[in-house]
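Below are the features listed in Swiss-Prot for this protein:
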- 1-108: region 'N-domain' (REGION)
- ASP34, ASP90, GLU162, GLU164: Mg(2+) 1 binding site (BINDING)
- ARG74, GLU162, GLY235, ASP237: DNA binding site (BINDING)
- 116-136: region 'Disordered' (REGION)
- 126-257: region 'I-domain' (REGION)
- ASP183, ASP185, ASP237: Mg(2+) 2 binding site (BINDING)
- 340-348: region 'Interaction with PCNA' (REGION)
Amino acid sequence: MGILGLSKLLYDKSPNAIREQELKNFFGRRIAVDASMSIYQFIIAMKGFQDGQGLELTNEKGDVTSHLNGLFARTLRMIDEGIKPIYVFDGKPPKLKADELEMRRQKAAEAERAFEKAKDAGDDEMMEKMSKRTVRVSRDQIDESKKLLRLMGIPVIQAPSEAEAQCAELVKKGKAWAVGTEDMDALTFGSTVMLRHLNISDAKKRPIVEIHLDEVLQTTGLSMDQFVDLCILLGCDYVPKVPGIGPQKAWEGIQRYGSIESFLESLDTTKHPVPADFYYKEARAFFQNPEVTRAEEIDIQFSEPDEVGLIQFLVKEKLFNPDRVNKGIARLRAAFTRKTQGRLDSFFTITKVPQQTAAARAPLVGTKRPRDGKYVHVSGTLRKATSGHKKAVKK
């Protein structure tokens, strides 16, 4: 879930902290990528629907390969642009997330029932919508994704808990420049730079959204502690929302009272009853001090691709097109042997112009709003681009 409504709120309150970029603009950058989120996106993007049945991208043996196809293609695309991705995988979820995970399971079960109901009614549009809501990333898909990345020579990090928190740790300690994820809580965990839409296909022509935490804090006048409290009030994975407290009330509450404690004291509890399990102090502590492996203990190494291993895994086991795999290996080798060309901004000290706080700045007219974050079905182009694979009815 991330942080509910935070993206739109930042566009409203701190638009200067947000930039739209092209992939090529991140040349030379190390980016810590939320691997589980990326794999989920690839599966959703390649999930089709036809004749009342959900379709998966499979090979000739019937093995689902959408996660490997997407990961292989997008990683190569980043490598081509001189980007150095570091994939971070989720570990054990914190106890605070138990209720959220149970709610997700219930929603998936509801989607299954809604799918069957729509099927009986012959509602293809509703069936396709519900089919995508039942998608889950399996343990086998995670393990295969790790294997592929290691064979490609791309660093893989196993987080002890939340991947976004581990990614933020790498950024805060200078091991990576930004976190690549759709979950806005990467900022709440303290990542100084966050990138959204990093894994969306170039064919959609959707820009990558770059958000700078320091500029958010400077423009809004919030401290980091207050920003964390704001995110908790907006709605996060670890505590329920306070009824009737939307983005604007949460924003005004933190601006006026400075903390969740003082804000709750001001509330009319008959209108806004605080849930008994609103353990905001525990959520705050987790955001401020999450379970991570210290960046200093992580050795990040990019290595040459394992050509024999890639051919064995992708071509012989997963039945990928040999020509496609060989071309991918050539691109990986070229990137590994390419002489490092530094970014211009590494040679200069760049001084940022101070920005006004929210109170001092006049309202901005015509501020750009974020685009819809829905995933668009593009199975047709993907089918064409992945020779040797086909759409098959999900068993």
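Every residue gets a Cβ built from N, Cα and C, even glycine.
Can you tell me where each of these features sits in this structure?
In the shown protein chains, 20 other C-beta atoms lie within 10 A of the C-beta of ASP90 (Mg(2+) 1 binding site).
Counting every protein chain shown, the Cβ of ASP185 (Mg(2+) 2 binding site) has 24 other Cβ atoms within 10 Å.
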Output, ordered by sequence, the same-chain residues six or more apart from ASP34 (Mg(2+) 1 binding site) with a CB under 8 Å from its CB, or 'none'.
VAL88, ALA163, GLU164, CYS167, VAL179, GLY180, THR181, GLU182, ASP183, ALA186
Which chain-mates of ARG74 (DNA binding site) that are at least 6 residues away have a CB under 8 A from its CB, listed by sequence?
SER38, PHE42, ASN199
To test your reading of the Mg(2+) 1 site: which residues beyond ASP34, ASP90, GLU162, GLU164, same chain only, put their Cβ within 8 Å of the Cβ centroid of those residues?
SER36, MET37, VAL88, ALA159, ALA163, ALA165, GLN166, CYS167, THR181, ASP183
Work out how many Å separate ASP90 (Mg(2+) 1 binding site) and ASP237 (DNA binding site) at their Cα atoms, rounded off.
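The separation of the Cα atoms works out to 14 Å.
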Provide the three-state DSSP residue tally for the region 'I-domain' (126-257): helix first, then strand, then coil.
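Grouping H, G, I as helix and E, B as strand yields 69 helix, 15 strand, 48 coil.
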Could you state the CA-to-CA distance between ASP237 (DNA binding site) and GLU162 (Mg(2+) 1 binding site) to the nearest Å?
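Given the Cα positions, ASP237 (DNA binding site) is 11 Å from GLU162 (Mg(2+) 1 binding site).
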Measuring Cα to Cα, how far is ASP185 (Mg(2+) 2 binding site) from GLU162 (Mg(2+) 1 binding site) in Å?
10
